[in-house]
Amino acid sequence: MLTIFKLYGTGVLHDRNLGQVHFKDSKGNLLKTIEANEGDDLLSIAHEHDIDLEGACEGSVACSTCHVILTPEHYDLLPEPEDDENDMLDMAFGLTDTSRLGCQVQLTRELDGMVATLPSATRNMFVDGKKPTHH
């Protein structure tokens, strides 16, 4: 485990541990293991490291394309999803009991070693259900 030290305005040295996130494909094959900072969300981490997690709405909780499936032990460490996240998850392809939107999963030290599995497909209602406008 790596540790970063930051000096805040108080003059006190604080550490910000880096935790690991393991991204897997829908068949359980490891795509990449990434060192991430506490407070980062899974969607941002995936985009930063070229993991194919779409995020069509750019984290505004208006789609389900950043849907990930977590292990039960890590899912149980997270706060309950808000209503808007649950509404979007209802439209997610391959929804499971441990599904979350990657944009809503913020890393904490307790989540070090988290496994996030990408579903085999996504359902993009943000684009697919959008009515074209005339100019």
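Placement of Cβ uses the backbone N, Cα and C atoms for every residue, glycine included.
Predicted automatically and left uncurated, TrEMBL annotations should be read as such.
TrEMBL annotations:
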- 19-121: domain '2Fe-2S ferredoxin-type' (DOMAIN)
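If you take every residue in the domain '2Fe-2S ferredoxin-type' (19-121) and average the pLDDT, you get 95.
In the domain '2Fe-2S ferredoxin-type' (19-121), the DSSP tally of helix, strand and coil residues is 24 helix, 27 strand, 52 coil.
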